[in-house]
Amino acid sequence: MANARDVLDRMPYKSIMDWSALIAGYAARGDAKESWGLLEQMRSAGVEPNVITWNGLVSGLNRSGHTWDAVLALVKMQVECFLPDAIGVSCALSAVGDVGDVSFGEQLHGYAVKAGCRLDPCVTTALIDMYGKCRRADEIVQVFDESSHMDVSSCNALVTGLSRNAQVSDAVSLFREFVGQGVELNVVSWTSIVACCVQNGRDLEAVDLFREMQSEGIEPNSVTIPCVLPAFANVAALMHGRAAHCFALRKDFLHNIFVGSALVDMYAKCGRVRDARMIFDAMPSRNVVSWNAMIGGYAMHGEAVNAVQLFRSMQRNRHKPDQVTFTCVLSACGQAGLTEEGRRYFNEMQQKHGISPRMEHYACMVTLLGRAGKLDDAYDIINEMSFVPDGCIWGSLLGSCRLHGNVALAEVAAENLFQLEPENAGNYVLLSNIYASKRMWDGVNRVRDMMKDKGLKKEKGCSWIEIKNKVHMLLAGDTSHPMMTVITEKLKQLTVEMRRLGFAPSTDFVLHDVEEQDKDEILAVHSEKLAVALGLVSTSPGTPLRVIKNLRICGDCHEAMKFISSFEGREISVRDTNRFHHFKDGKCSCGDYW
């Protein structure tokens, strides 16, 4: 810019194009002050700006992230009687979307209609983008439907806008229509729909779309890979994740910090924490997200010592920890029962790093103290909080009460949860399980009646297992899987062997007061058991099995997995909502501290 300015200053005659080019250049680099100053200097030299000058100013300020300045430039342009064209309107709409001022966006929409540029493809795309950013889903579809021109930019904006507003089914449906109508979608289009599914919990759809994208001849880029890797991680699709890793290696994407961080996260969540560390160590550069992914991976696997050591290494390398870092460290301490270490890091976070505790940090501390049996200390922390505890806090306390059988505090926690999350069936079930473990059947019946009155049903467990490059989803009580007959037969065989060898499943945590035989039948349909049974009958002896579950693993299944790992000679990894449980030779990595 200094050279460009020097050239302009030396020119004996400066045209409006010369001035406009330099103004746009300063604006694009975020130097709003210099842009405005140059505009005034231009006028002092007797050259009046035109629409192109103003468009360059608005567009440049918007691209450089100075969204308010871009909006103000458009307003001043109108005040000075310059009528914005399609380019100026589309740039301003983009800025308005980033600012979130939907009322001004509606005014621009009205202006575009009056000025006759509403149907311009750039304006259509900008309107869809603006309404999407302002959370106006109905307007997104209306603008698109009114458009006579459907190009890749408007399609991309539509998918992204619907995704922001959690309209995933509509986004996928429309995307399919675009493909069917022969719209020439590009890598941005496919990446957007994959990201849409991943961000809204539709992981299997994301995996299918990613494969379809490649079959359509669209090559993923360095943005696509970190977008799809979380989907592979969420459903334990390790082979798919490895394939993406190999693709990134061939395309030389591994130097990209976002790709590297996503790979670390994927391998950790797929049970391969050593592979995650290998990727982490090989990264040419790291940011706080990279460190958090690896520390969080260790925490998930219960490797608190490694998590703490890496946290110290992070500080030695002069990387400043953030709120997420401390959430990972506190979680790691909680998983391993490092109570005093957790207290120290909680205090260090505030005193040394100036980070005020957020809800998730208090939740970690409640879990840390609760699992150690310090339930009164956990309750004291809740009462000392400077803001109102949310469901996560009370849920942490309720879970700890289940672990230690504290009915009195469990009732306090549950009462708060019933007020905060009246439709969350899991809270009622957890309290009922605590009553059941104490044989307090009146309490069980009371909770059951509450659930019945509210029309609530226990959330069904769902587990995923990858076998021969295909991800299978098993739902508790669902008999639709094509191999269900074989799965059921395998579970029956295992049950016979369990009883023959003296294994007695835990039936303490069953919702109803029923006969012991009926309890065994209820426990037998847990989704993680179905997934493991499928793995046993579908893979060679000795092959490790990896299962992901959407809920917390129950006591019965925890004991069953220990037995199966010993009886079948298998390593079994189960990732629930809390952590990884690695079963081998009849033992679990959590030391039964689950």
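Placed from the backbone N, Cα and C atoms, the Cβ positions cover glycine too.
According to TrEMBL, the features are:
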type	residues	note
DOMAIN	502-594	domain 'DYW'
REPEAT	15-49	repeat 'PPR'
REPEAT	151-185	repeat 'PPR'
REPEAT	186-220	repeat 'PPR'
REPEAT	287-321	repeat 'PPR'
REPEAT	322-357	repeat 'PPR'
Close approaches to the repeat 'PPR' (15-49) from elsewhere in its chain (Cβ under 8 angstroms; 6 or more beyond its ends): 1, 4-5, 8, 56-61, 63-66, 69, 82
Tally of residues which DSSP labels helix, strand or coil - the repeat 'PPR' (151-185): 26 helix, 0 strand, 9 coil
Positions on the same chain near the repeat 'PPR' (151-185), where near means CB under 8 A and six or more residues out: 121-122, 124-126, 128-129, 131-133, 135-137, 140-141, 144, 192-193, 195-197, 199-200, 202, 205, 209, 216, 218
Residue counts (helix, strand, coil, in that order) that DSSP gives for the repeat 'PPR' (322-357): 27 helix, 0 strand, 9 coil
Overall pLDDT for the repeat 'PPR' (151-185), taken as the rounded mean: 85
